[in-house]
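Asker: Annotations for this protein, taken from TrEMBL, read as follows:
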DOMAIN    20-389  domain 'FMN hydroxy acid dehydrogenase'
BINDING   Y46, Y152, R187, K260, H284, R287  glyoxylate binding site
BINDING   P99, V100, G101, S128, Q150, T178, S282, D315, S316, G317, V318, R319, G338, R339  FMN binding site
ACT_SITE  H284  active site, proton acceptor
Amino acid sequence: MTERFGGYQNEIYLQGLGGAVPPFTTDPTKLEDSARELMDPGPFGYVAGAAGSGATARANRAAFDRWRIVPRMLAEATDRDLSTTVLGTPMPAPVALAPVGVQSIVHPDAERATARAAAALGLPFVLSTAASSTIEEVAAAGGDGPRWFQLYWPTDPDVCASILDRAKQAGYTALVVTLDTWTLAWRPVDLDQGYLPFLRGEGVAIPFSDPVFRATLDAPPEDDPGTAILRWLFMVTGTDRNWDALPFLREHWDGPIVLKGIQHPDDARRAVDAGMDGVVVSNHGGRQVDGGVAALDALPEVVAAVGDRIEVLFDSGVRTGADVLKALALGARAVLLGRPYVYGLAHGGEDGVRHVLRAVLADLDLTMGLSGQRSVAGLTPAVLTRSAG
């Protein structure tokens, strides 16, 4: 048995005897709206928005609603084991914090606060290349907590190699390579406000602190930030690679490599053939292709395509512990949680992130028990039924 995460429920009720209530809502359906009240319109729209009409983001949630948990009784589920190992990282629960960039637009402590919250719970934090804090600052903030690094792949190979080397030196153990955002989608929420945080100097801490990138500039970014920002954006957007580019990553990263954004089983098979260690079934939370397949709908076919040859992770649309259970039952090894923890960051920095994470883990733990499931390792599609419509 691992930590009984459901104990957070009792903690809240007991504190209520003294008149205390949680710092903000425990209801995932209210979390986004409560964050909206705290954030400026530009930053909120950037976090909450989606591509085009928002059809893919809505489809992500609808897909979860189509799958229903079938509880089993008298299953001796008093004690649950949520622990697992993913990409060589022991985890107390199958949840990691997804790479979300520009967290400074949400809270001044940005990724440092998120790293501290993740480390306190023993969950991996995936640091985005588009972070507001440097690789080294976030590593220091996270201490001994597990950490992975997400790559937006620069076209300059020397800059890319330098960033990867910094991540290795700072103790990031797995590399998550985002494939679905080589250019930005049409995002009306951001366009209507004329808001792109990178052009305003947000989310560029990693390149601006990189000696190889700085050497490509005629003037330091502190003296000419506009030119440096554009140089960086041209390096990480506008170029779509092919499968033949992947050996470069293996040459410069000796730990696990995961391809994020996989939605077709043939792409998953190619990841296996390319010697990758895992894939993340993801549509970037509906932020890239409007009218795209729901990530949860893509998950079973990807799992079937790769079998046990590589690890399959999942994100996009996850809001509750029940959502986590469903993704695991459909074959995901672990789930990456994104927007919910960012809304927690908006509410209260490190403490806000920790509250959201504890709430999701408590929900997962309790839902496991009430469904008669004693271990995440035992979850299979038989736990679920697919409703009509």
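Don't overthink the numbers, they just go from 1 along the chain as shown.
Every residue gets a Cβ built from N, Cα and C, even glycine.
Just so you know, TrEMBL annotations never went through curation; they're auto-generated.
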Asker: Out of P99, G101, V318, G338, point to the one nearest K260 (glyoxylate binding site) in space (Cα versus Cα); all of them are binding-site residues in the record.
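Answerer: Minimum Cα distance from K260 (glyoxylate binding site) across P99, G101, V318, G338 lands on P99.
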Asker: Where does Y46 (glyoxylate binding site) sit in DSSP terms: helix, strand, or coil?
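Answerer: Helix, per DSSP.
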Asker: Between the Cα atoms of V318 (FMN binding site) and R187 (glyoxylate binding site), what distance do you get, rounded to the nearest Å?
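Answerer: About 21 Å separate the Cα atoms of these two residues.
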Asker: Relative to the Cβ position of Y152 (glyoxylate binding site), how many further Cβ atoms are located within 10 Å?
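Answerer: Looking across every protein chain shown, the total is 22.
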Asker: So what's the mean pLDDT when you look at the domain 'FMN hydroxy acid dehydrogenase' (20-389)?
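Answerer: Average per-residue pLDDT within the domain 'FMN hydroxy acid dehydrogenase' (20-389): 98.
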Asker: For H284 (glyoxylate binding site), which of the three DSSP-derived states applies: helix, strand, or coil?
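Answerer: In the DSSP reduction, H284 (glyoxylate binding site) maps to helix.
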Asker: Return only the integer: C-alpha distance in Å from Y46 (glyoxylate binding site) to G338 (FMN binding site).
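Answerer: Taking the Cα atoms only, Y46 (glyoxylate binding site) lies 13 Å from G338 (FMN binding site).
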Asker: Determine the most Cβ-crowded residue among the binding-site residues Q150, S282, S316, using a 10 Å radius around each Cβ and all protein chains in the structure.
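Answerer: Buried the deepest by this measure is S316.
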Asker: Between the Cα atoms of Y152 (glyoxylate binding site) and G101 (FMN binding site), what distance do you get, rounded to the nearest Å?
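Answerer: Rounded to a whole number, the Cα-Cα distance is 11 Å.
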Asker: Do any residues at least six apart in sequence from R287 (glyoxylate binding site), in the same chain, have a Cβ closer than 8 Å to its Cβ, and if so which, in order?
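Answerer: Residues satisfying the criterion: G49, A50, A51, A57, T181, A185, R187.
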Asker: Say you check the Cα of H284 (glyoxylate binding site) against those of the binding-site residues P99, G101, Q150, S316, G338; which is nearest?
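Answerer: For H284 (glyoxylate binding site), the spatially nearest of the binding-site residues is S316.
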Asker: Taking the residues P99, V100, G101, S128, Q150, T178, S282, D315, S316, G317, V318, R319, G338, R339 listed for FMN, what is the greatest CA to CA distance in Å, to the nearest whole number?
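Answerer: Site span for FMN, by Cα atoms: 21 Å.
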Asker: Over the residue list Y46, Y152, R187, K260, H284, R287, recorded for glyoxylate, what is the maximum interresidue Cα distance in Å?
Answerer: 20
Asker: I'd like the Cβ neighbour count for P99 (FMN binding site), meaning other Cβ atoms within 10 Å of its Cβ, all protein chains included.
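Answerer: Summing over all protein chains shown, P99 (FMN binding site) has 25 other Cβ atoms within 10 Å.
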